[in-house]
Amino acid sequence: MKDLFAKLVGGLGVCLFASCVSHSQVEPIESVISRGLDRAAEQAVLMAKELEDKDGRLPKSIKDGKLETSNCYWWCSGFFPGELWYLYEYTQKPELKQYAELFTNRLEKVQYVTDNHDVGFMLYCSYGNGLRLTGNERYKDILVQGARSLSTRYRETVKAIRSWDFGDWEYPVIIDNMMNLELLTWAGKVTGDSTFCNIATNHANTTLKNHFRPDYSCYHVVSYDTISGLPEKKQTHQGYADESAWARGQAWALYGYTMMARETGDEAYLQQAKRVASFLMNHPRMPEDKVPYWDFDTPDIPNTTRDASAAAIMASALIELSQIDQSDKAGDYLAYAEAQLRSLSSSEYLAEAGTNCNFVLKHSTGHFKAGSEVDVPLSYADYYYVEALMRLKKIVE
C-alpha cells in the first residue's frame, strides 16, 4: 500500500496540476476525503429523516425541482441503503446504522424478482454491504435467494444474462449488466454452488467478446439470436448514437471487468479493465476536470451536460484497479481517480448541506436523449462517490 501511495504522489504533477502550482496550494487528499464523507453523511441523514416515515420509498433523483422517489423495484433502489452502510462504516454512528437497516429492509421483496437483471445492483449494494459490516445471517439468506432469482435470466445458448424484457430486441444484454455479476460470484463462494460463478464468468466472457470495439470503447446494447447465440444487433439506448461512447457505459465496463479480475484472478479480465481505463484516461474529449460529458461523441461538446455519476463510478473502479494491477500503471490509475474525486469534491459538484434535495453530488445525467434525469443528482452517483472515497481512505491511511 505504501509503495503504491508513493507512486500516486509521484504522478500528481502529471495527472492533477500544472507545474506552476506549488504543493502548498494543493489541499491534502486526507482533507478532501474527510470533507466529502462528512458532507455525504450530513446529507444522507437529512434524506433519511425526510423519507423514514414514507413507507417503502427510496430516493431516486430530482424532478421539477422536487425530490423524486421510487419503490423497491426500481433498479436504483439499493444505492441509498448502500451509501448509508458505507457512511456508518465511516462514522460508526448508531443513527446511520439504524437508517441503513431501515432502508435496506425496504428491499426484502427484491430477492424474489426474476423480471429484472439489476437484482445484483439492488441487493448487493444494500444487503451486501450490510452483511459485510454486521454479519447478519438474514442478509446472507436474502442475497443467496436474490442470486437464484437473477440466475433465472441466464440462457446457455447465449451464455449471458438477459437484460431487459421491453423493446424489439430478441435477447438484449447491456454493458451495465456486468455490475450484477458480483452478487453471483459472491453466492458461488458462499454456497459452494459453482453454477453461480459459471454464469458470471460466461456472461463476462460473452460481453468481452461482443461488446467492445477495436479502441476498447463499448456498445451499450448487444442483442443476441437465442438459437445461434450470435449477436444480431449492436446499438445504444441511452447514448448519443449506436457507435458513440456513452460515458456511463464505459464506466460500467471499467468497473465490471475490474471487479471480475478481483473476484476470479483471471488475467483476461484485468487486461480488459486496463484497456478500458486507457481509453477513458487518454480520451481527447475528456474535460480538464475529468468529469466526462454524458457521451464522448455528442457533437454538442463542450456545450452539453456532464455526468458526475460516470466520474464517480470510474474513480471507484480505478482505485480498485490500482490495487489489483502490479504494473507501473497502478500509480497512474490512483492519481487519476484522486483527480476525479478532487473535482467531485469541489463546490462545482458537491452540494452544500441542506441543498440539492439532500443528494450529495450535482450534475449527473441519466438518459439525455429521452430528456430524463438531465443535469440532476442521482442516487448511484452518490453511492459510487462515497464508495470511492472510502476506498481511497483505506489506501492513504
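Even glycines carry a Cβ here, placed using N, Cα and C.
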Residue among D118, D141, D289, D300 sharing the substrate site, where TrEMBL lists D176, T236, R248, W252 as binders: D118
Surrounding CB atoms that lie within 10 Å of the CB of D118 (substrate binding site), all protein chains: 23
Tertiary neighbours of W252 (substrate binding site) (same chain, Cβ under 8 Å, six or more apart): I175, D176, M178, M179, I313
Same-chain residues at least 6 apart in sequence whose Cβ lies under 8 Å from R248 (substrate binding site): Q238, W294, D307, S309, A310, I313, T365
Under 8 Å by Cβ from T236 (substrate binding site), same chain, sequence gap 6 or more: Y219, H220, V221, D242, S244, W246
